[in-house]
Amino acid sequence: MTTLFIADLHLSAERTDITDCFLHFMQQEARNIDALYVLGDLFEMWIGDDDDSPFLQQIKHAFKQLTDSGVPCYFIYGNRDFLIGSRFCQETGMTLLPEHTVIDLYGTPTLILHGDTLCIEDEDYLRYRKRVHNRFIQWLFFCLPLTYRQKVGDKIRSGSSKNNKEKTTSIMDVTPNEVVRLMAEQNVIDMIHGHTHRPDVHHIEVNGKAAIRTVLGDWYHHGSVLVCTPDGCKLETRDFSEKNQ
């Protein structure tokens, strides 16, 4: 009995090393598990479900093969792929979950999320997030031709990279009080999220109880997987060279 969690792969046609490692993971490791959870930023950028490039087709095919084999796959959007919609889910067999979801992880209620909503000190990002999650603005964006949306997406991506370099480390990390507040609100003592690219297991206290916050790693330099069984969870890495083994 195994459940796997991944996040922050930032898949793109340019990073074939990440894509190859991911496809190997899907074809080998994810085949005989209870469930796969993808906690956001699966893609470097998502400009609409109508983008059907050869690169995206192979990613969707990998998920479809897995779900057709009987492995349920769940997705929570991140700050790079929040425009993923129903068409993508239909084509892959994945289930789109609310941005804050409590699951039963082998008897333990566990809050899963991407993690960007925990960074409440990053006021510039929160203002940006509020704008791009506006349904009317999203409708206007989808009215644009796909090629123009690609240009807009590239501009947003380059601007985001520049802004992040100018921000302090503390602003870009989660706000501890917000973590405790949300866990107390959801009545859980276990949380799993990504977004910060700082894999670790944090032992904290929520309402006088010992609690655990597990942070998933990104896939920039190697694969990062949280492997959970009824006996517990462990953060593991997957070397890009494993695809050749």
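Glycine residues also receive a Cβ, built from the backbone N, Cα and C atoms like all the rest.
Together with ASP41, ASN79, HIS114, the Mn(2+) 2 site in Swiss-Prot holds one more listed residue from HIS133, HIS195, HIS197, which is HIS195. When the CA atoms are compared, the binding-site residues lying within 10 A of ASP8 (Mn(2+) 1 binding site) are ARG80, HIS114, HIS195, out of the candidates ARG80, HIS114, ASP122, HIS195. Considering only the binding-site residues HIS10, ASP41, HIS197, the residues lying within 10 A of HIS114 (Mn(2+) 2 binding site) on a C-alpha to C-alpha basis are ASP41. Using a 10 Å Cα-Cα cut-off from ARG80 (substrate binding site), the binding-site residues that qualify among HIS10, ASP41, HIS197 are HIS10, ASP41.
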